[in-house]
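Taken from Swiss-Prot as is:
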{"type": "REGION", "residues": "1-265", "note": "region 'Amidoligase domain'"}
{"type": "BINDING", "residues": "SER13, LYS186, THR187, LYS188, PRO189, LEU190, GLN191, LYS222", "note": "UTP binding site"}
{"type": "BINDING", "residues": "SER13, ASP147, TYR148, GLU149, LYS186, THR187, LYS188, PRO189, LEU190, GLN191, LYS222", "note": "CTP binding site"}
{"type": "BINDING", "residues": "SER14, VAL15, GLY16, LYS17, GLY18, ILE19, ASP71", "note": "ATP binding site"}
{"type": "BINDING", "residues": "TYR54, GLY352, TYR380, GLY381, MET382, GLN383, GLU403, ARG460", "note": "L-glutamine binding site"}
{"type": "BINDING", "residues": "ASP71, GLU140", "note": "Mg(2+) binding site"}
{"type": "DOMAIN", "residues": "297-532", "note": "domain 'Glutamine amidotransferase type-1'"}
{"type": "ACT_SITE", "residues": "CYS379", "note": "active site, nucleophile"}
{"type": "ACT_SITE", "residues": "HIS505", "note": "active site"}
{"type": "ACT_SITE", "residues": "GLU507", "note": "active site"}
Amino acid sequence: MTAFIFITGGVMSSVGKGIATASIAKILQARGLSVTAIKVDPYLNVDAGTMNPYQHGEVYVTADGGETDLDLGHYERFLDVELSKSHNITSGQVYLSVIDGERRGVYLGQTVQLIPHVTNEIKARIRAIAKEGWDAVVIEIGGTVGDYESLPFLEAARQMRLEENGNVVFVHVAPVPILDVTDEFKTKPLQHSVMELRRVGIQPDIIIIRSTRPITNDVKAKVSLFTNVPQNLIFNSFNVDTIYRVPLILDEQGLGRMLTELLKVKVNEPKWDDWVNLVNSMVNATDEVKVTLCGKYVKLRDAYISIVEAIRHAAAWLRVKPRIIWCDSEEVEKDPDLLPKMNTDAYIILPGFGARGVEGKIMAIRYARENNIPLLGICYGMQLSVVEYARDVLGLKDAHTTEVNPNTTHPVIDITPEEKSINKLGGTMILGDREISITEGSILHGIYGSLRIRERHRHRYEVNPAYFKQLQEAGLVFSAMRIDVPRVEAIELHNHYFFIATQFHPEFRSRLTRPHPLFTALLKAALARKMGLESPYTGVKP
């Protein structure tokens, strides 16, 4: 039977439940179990697609086109699996389904209520994933215990403990802060969060204490006394040098052994050698490479978390230390001299939408192109690379994307045909995996080592086919195209040290154990240029 591990959080949000969930799943996977993870989000949005990145962080796109919570990215990166959009359950989805069912007469005249109809819908969605054949399903319940919107999900989890014959474990994650004045750990907030959990009928089996530094045995004893959780089932996730070390420190404390004992499952000895080597490579590297990330949401780093992690994955395999420089494209518009002051080794032009900060991104693209600095553009970053090239190389000074200037005389970027008749925002973009053909002999071909790939997408606009010929005749290489429609998927320059931009999002396929080749190539080029060598991809000198 499938085991279910529910992860709850106390005291405040953003305490690290997502990493704890991914770590627990990884600990079980390291013992030979097949494991998947689910994120429950109690908000009423159907998905994360239309939410402000400053409120929600990155929208993580799944292979099947789901616009999901960024925690699904952590799950995929830790487990090296592909999750579907069904692995992100929101209140909006649940209530929409229940109300639709009531309208269609599914409930045969019953009075439709939170219990049992909403809770049954929640349980059905969790069990549908379990039926795929997993040994264990780890479910992170978003938000904080005590939030009104979380109550139906906690109630559904409580019911599942009754119904699943001992195959359910509850793990509670909560912080124990340190007062600066006394340098003392304070456990009272955690104690109260467990009291809130008990009020809804849930006694946690395991507690993970989040702290800035390792807790003392006295703290563990005090938490045990007031939460009714034995000391050997209390673990500490303290701040470490990389999130990929968290499963290692929790397993060293015995979490894997105790969890499998509670679930009464037979497992193998954990295999951590490859993971440990990569983590050590990540934290012990000394050669530094500076990568500038240029976009408009840089004040909240979580808005681009998959790109940051993809850089770290590639750096770990190359045994270098990435230094990430954040570049606010709006600030570049005010002061273009910021670009040379950064003295960077490589640029990534970040994805995004809208007019704000666009000219700053275009300035950064031009600076990288004219100064032979390695550049990778992603999604909007590719579209604006085309705009910059059309303006500066083709001489089409009014060239733009119709997303920003619908009246431009040279719409080198225009809305895709399939998007023109759509008048809703949510879930209507070109989303998820698409099959792509790579141009034989291109730089991209050498990087991938393949002529046919699949990558994830999230966009409405495309390179305007009316400008294909002009752009190509001016030296812009279309190195990848969609298989099913005439759509540019990647561009590159052969007279530049390293200049590649993609319509797709390579960051969503990067893993610590399997970094994405585009990020590895960017860092290789940046390192070679830093050492004064010819480009390993074009032969161009620095």
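Any Cβ shown, glycine's included, is placed from N, Cα and C.
Here the features listed in Swiss-Prot are painted onto the structure.
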| residue | record | CB count, 10 Å |
| --- | --- | --- |
| GLY16 | ATP binding site | 18 |
| TYR54 | L-glutamine binding site | 11 |
| LYS186 | UTP binding site | 14 |
| PRO189 | UTP binding site | 14 |
| GLY352 | L-glutamine binding site | 21 |
| TYR380 | L-glutamine binding site | 26 |
| GLY381 | L-glutamine binding site | 24 |
| MET382 | L-glutamine binding site | 27 |
| ARG460 | L-glutamine binding site | 17 |
| HIS505 | active site | 21 |
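Each of the binding-site residues SER13, THR187, GLN191 was scored by the number of other CB atoms within 10 Å of its CB, and the largest score is that of THR187. Counting neighbouring Cβ atoms within 10 Å of each of the binding-site residues (ASP71, GLU403), the lowest count belongs to GLU403. For GLN383 (L-glutamine binding site), the same-chain residues that are 6 or more apart in sequence and have a Cβ closer than 8 Å to its Cβ are THR401, ILE413, TYR461, GLU462, VAL463, GLN503. Under the DSSP three-state reduction, ASP71 (ATP binding site) is assigned to helix.
Annotation note: HIS505 (active site) sits in a strand segment as assigned by DSSP. Ranked by Cα separation from LYS188 (UTP binding site), the recorded positions LYS17, ASP71, TYR148, GLU507 are led by LYS17.
Distance between Cα atoms for GLN191 (UTP binding site) and ILE19 (ATP binding site): 22 Å, as a whole number. Classification of GLY381 (L-glutamine binding site) by DSSP places it within a helix. Summary for the binding-site residues LYS17, LYS188, LYS222: the Cβ-based neighbour count within 10 Å is maximal at LYS17. Shown are the recorded positions GLY18, GLU140, GLU507; of these, the residue with the fewest other Cβ atoms within 10 Å is GLY18. The residue listed as 'active site, nucleophile' has a Cβ environment of 23 other Cβ atoms inside 10 Å. LYS17 (ATP binding site) has GLU507 as its nearest neighbour among the recorded positions CYS379, TYR380, GLU507, going by CA to CA distance.
Among the recorded positions listed (CYS379, MET382, HIS505), HIS505 has its Cα nearest to the Cα of LYS186 (UTP binding site). A Cα-Cα distance of 44 Å separates LEU190 (UTP binding site) from GLY381 (L-glutamine binding site). Rounded to a whole number, the distance between the Cα atoms of LYS222 (UTP binding site) and GLY352 (L-glutamine binding site) is 47 Å. Counting every protein chain shown, 10 other Cβ atoms lie within 10 Å of the Cβ of SER14 (ATP binding site).
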